Amino acid sequence: MGVLELLSEVGCHLRVSLFDVTYRHFFGRTWKSSSRPAEPLSRQPARIVFNEPLYFHTSLNHPHVVAVVEVVVEGRRRDGTLQTLSCGFGILRIFSHKPESPTSTSQDKRLRLYHGSPRALLHPLLQDPIEQNKHMTLIESCSLQCTLRPYPLLEPVFHLLPENLLVSGLQQIPGLLPAHGESGDALRKPRLQKCLTCHLDDLFFTLYPSLEKFEEELLELVISDCFREAGSPLDVGALEILERRLCVGVHNGLGFVQRPQVLVLVPELEVALTRSASFSRKVGSSSKASSGNQALVLRSHLRLPEMVRHPAFAIVFQLEYVFNSPSGADGNAASLTSLSSLACMHMVRWAVWNPSLEAGSGRVTLPLQGGIQSNPSHCLVYKVPPASMSSEEVKQVESGTVQFQYSLSPEEHPDIPTGNAGSPKAERRSFRKPPASPSSPPASPPQGLTAPQDSPMGPGLSLSQLAASPPSPAPRHRLAKPSSQPPGSPASSLVPGEFPLEGRISHLEADLSQTALALGTSAADHLQELPFTPVHAPIIAGTQTRSSGGKLSRASLALLQSAGFPEILDANKQPAEAVSPTDPVKFSPQKEESDCLQGNEIVLQFLAFSRAPQDEQAVPWPQTVYFTFQFYRFPPETTPRLQLVELANAGKTGSASLSHILVQIQKDGFFDAGSPGFQRKYLVDPGFLRPGEQRWFARYLAMQTLQIDVWDGDSLLLVGSAAVQLKHLLRQGRPAVQVSHELEVVATEYEQDAMVVSGDVTRFGCVKPIDVHTVVKGQLHLTLANVGHLCEQRVRRPSSLPPSRSRVISNDGVGNFMGGSLLTPGGPRLKNVVQAQKLADVDSELAALLFTPPRPGARGPQGISQEGDAVRRRKLERMRAVRLRECGSEPGRRGLGALAQQSLHAQHARDLQVIAAYRERMKAESIASALSTAITTQHTIHATLGAAEFFEFALRNPHNAQHTVTVEIDNPELSLILDGQEWRYFKDMTDLHTPLEEDMFHLRGSLAPQLFLRPRETAHIPFKFQTFSVGPWASAQASAELRSEKDMDAGSPHKSSTMPTKHAKVLFRAGSGKLLAVFCLTVELQPHVVDQVFRFYHPELTFLKKAIRLPPWHTLPGAPVGTSSEDPPLHVRCSDPNIICETQNVGPGEPRDVFLKVASGPSPEVKDFFVTIYVDRWLATPVQTWQVHLHSLQRVDVSCITGQRTRLALVLRGTQTIRRVQAFSSHPQELTTDPRGVFVLPPHGVQDLHVSVRPRRPGSRFAHLHLVDVDAHQLVASWLLCLSCRPPLISKAFEIKLPAGGGRGANKRITYTNPYPSRRAYHLHSDHPHLLQFKEDAFQVGGGETYTIGLRFASRQRAGEEEILIYINDHEDKNEETFCVKVIYQ
């Protein structure tokens, strides 16, 4: 105490360090608490309260790991200097020998303090248990109390705190928001700052004086260092550079937030050889380096999502070289033969960059650091050039530089007012704008990056011993003031610029409060949306439109009339009225409903399918076809295979479009040309339609378009699709109507070039779209008809309210019980008189329990009469016969004896007891069911996919007391409208003028909402039903892969398929739990309109990622007219919850993309789903509905050269039975198979199918290959061939001029010289066989001789230019030479 009397401002603080008793080693970092005044206290004994929480996390869980707590007194001498004295230390046992500790509950600890310094624990005489060692002297009447407990809330911030780092909650941690309240403990309930993503592009390193000289000098020094260690010379060629690595990570001053990313750098010259020329020029111009000073380039895009706007956060770059090491990584010499294959890694340069808090994007140039300075990995770095004679400008670049383009994800800046600049559109505009300045001034290295000399490697180790050390807490950006050192500590333990939050054990270091920095984020802690950058080019929506239908010419009508197609007659056997497809349709719903002919017989008559005239030679025309479609809510239809029969006099008429008619194929495989066409009928009458569905069917005909897919009946390949509008089927009071269409069958191909995806991503979110290629394959001649029929009994139209009140449902009419049987609940009765019935005749369950046989004339239990189960009736008759025999009577005998009469009376008595017991048991349940029926309201709505059905339920409080009513809904598709703006929107849309209330419901989180009702009050409760699930009935197309040959009757009307009916129940409960009302909703789902159909073929068990680009929104069918020029926000929903479907709202004038991510199943699975698009905020009515078909196929990648044959083999595996199969290709002129025709596939056998590919044009495209069972017409296997075709090298070029307009062609000759000394055979091919034909397709020529090739050029109709390639292939069909002939048609 004598020393303390000489000090002023005496205070006391604690220091805590982690210590390993087994190895006698301090690790981690010493923590220092805040100082507390140590003035003489009046209270005895004296007590100092610190009350400061201390946090850390560790992966160690061993009883020999302890915490050492030191009590330190500090004060100032008379000269003003600070002096510290150790008053003792204690040992805190963190982990016990029990495995479940310390994850148990909180533990109160009392530590005994010992004299001396904690450095005494390093003495070898102090062995465990330390507390019982004789050299430890206990301080009497002195202890320290603390509480030790686990803290799970710290786990989310583990990435911000290095392991084994002791930190106080009063200290500010970079990456955490300040604490709430007055406690100031930020770790008590830690809140992370908002993260943002940093994108780095165009990153390259420049080394001094050049990359080649730098690496030569590096190799020489590494070899010299290995020679000093091994003591033997090392061959220069034995050591080479394997990789150049770049480690990039985000550092918060304490440590790396995430594990640094490791990427591979390549010299710029290699990039220029493997990348496109545009990319090479871009890198070369940005680096401004010549071939002798080339840079190291990062070819990939770098994304760092863990960045935070905080001054302490920095991005660390570490350049490492990997060599094939001749010695072990630990520095021990080894033989060159045994360890020559090992690799060692050395860090050569590093750099640190602090992003500006306000910057959004730009270019940065940083100087590289090296030498003995500190670095985040705590290892020595390759030397830097001597800077004694260099100027300041040269010093910045002589160690090398790193340059890159950066951009931060859009985020509201904390210092910018929330105006237009803070809006999402302004952020996107600033995000897409290129940087104003080409580069920023070079950033100087932070002063806190000098390395401590107590690195675990030590300063005296050689370069070969510097293996990559594990990451540890790294650089800070402010210089910490080192405190005074304890007596006896080495002078080099603290150097200027040492990290304030790391280093070796030192009990007197600067505390963390000196690194307190202002946080740059607001208090709001929301997740930051990441920018979506698609790498796939979008598909233009709208290019795959419906096939256009035209009016038939008179010549075509004459051909169809003479072909003998069956005539469509009305109910009076008169021809149906023919209408033109170009005539406008005036639709009147009232006229349709008032029509006396309520039965509608819809007739689809397929007449003919003709090939479209094409300039170039197309694929062979199919021999048979079949069609798939779906009409209304009937099941998906697959027609039988139809034969294409060419008309005899088709070429003599002026109609070039009608060439083949459709004829049904008989069971024996032959067809009768005398009965052409195929007809399918659908009967839609009141017996088929549900109540109120008539208007929905009329609306379907007025708005819907029928999609028809045309398939090749032999190869099962899709020929194309056609679409026809159904509005002309509205009879509007006429007895029958018919309309004939000529539809274009369109095939859609999504072709893309490989360079579109790899080379055209110029900025974030900017990708060139893929043009959708549509090819007209042919014309489908189709007749649609609607024949009216008079129904036997006209169904009574359901009573409906006026239009303004039809959406308000009231429960006033269900408050009275109309009487009736408790066992036969039903709807409201017209009379209160109910005839009494026997219980056995009403309840089948009770009838089974009775012993008395029923009378012969009795109706029997309802359950039995309804079941109609023959087996059950036979068993009951058998039991009745057995009982009659026991009673002494035969089954056929009418009279009964006295014994039988007595037994019958006993049975009746027992039956009466059973009936009484059963009645008592069912009474409570039946009464409750009847009372529930009295307060139940039934309502039916018709809904379609994606459309919101809005209605209001008028709930009345029947009591004279007020209630807080809880609304419980059992169906998630039915929901309350809780937002007042949404409620007003639906009221305006439906023209509903009922009261509207704001804040109507009391929301309680995940619990059911509540509302308050006064006595006898009626409140209108808004509901919305909206479904996005379609169920199995919605597959609008039958899968061609799964079809089987079926013989169907074409003349009979098709049966209906029941669309799913959904139910929802709403319970209105009072506060006591009593029900006030029950609302039962029945939802009849109706077919929905499909605006566009997409069909994708994709490899199996992979993800399909597509972007569909929308046309301008004002061109969509559902968009309002006369709106502002600003595009509304788009919203998309998908019918399959397992499919990712989203869109991004972009700035005005920017294109809109809908992104799809679908997981394909095993081949040949077909996945169908729907996508709905909305332009209103509340998703009320979709403006577009898309149907998407995803076909999963086996993928085969083929790399080939145009004009040259490439061969591959596919493995065929047999099924359980023997099959006759044949292979079909979508491009038979480019892709052939061996065997060519029909061959036998043995059961469970394995066979090779040889495929030959000779493409005619370069680029990337898809081809389909089907293996079909020719007997059952089923698909056995299918493949998706991804062709990547390269153009050949052209050796000669020619030019010729020909007249256009279908004139005569020209004959030309070219010569070819055999360059080989021996005789060779050659084959000739052309990429335009319809424009160029050879006199001989093959020829032979001797060695060194010249052969003249005869060419015949055909003329074409239109003028222009065409480049025709001539392929000269050898006997193996490999390309020897390629000639190019440029033909100019004038």
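Note that Cβ sites are derived from N, Cα and C of the backbone, with glycine treated the same way.
Quantities reported herein were computed from a predicted structural model and do not represent experimental measurements.
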Range annotated as region 'Disordered' - as stated in TrEMBL, picked from 91-110, 851-870: 851-870
Best-contacting stretch, by C-beta pairs under 8 Å, relative to the domain 'NPHP4 Ig-like' (1202-1286) and drawn from 555-789, 937-1087, 1094-1191: 555-789
For the domain 'NPHP4 Ig-like' (1094-1191), mean pLDDT (0 to 100): 81
Residue distribution over DSSP helix, strand and coil in the domain 'NPHP4 Ig-like' (1202-1286): 0 helix, 54 strand, 31 coil
Residues in the domain 'NPHP4 Ig-like' (1094-1191) grouped by DSSP into helix, strand and remaining coil: 3 helix, 47 strand, 48 coil
Counts of helix, strand and coil residues, the domain 'NPHP4 Ig-like' (1291-1386), according to DSSP: 0 helix, 58 strand, 38 coil
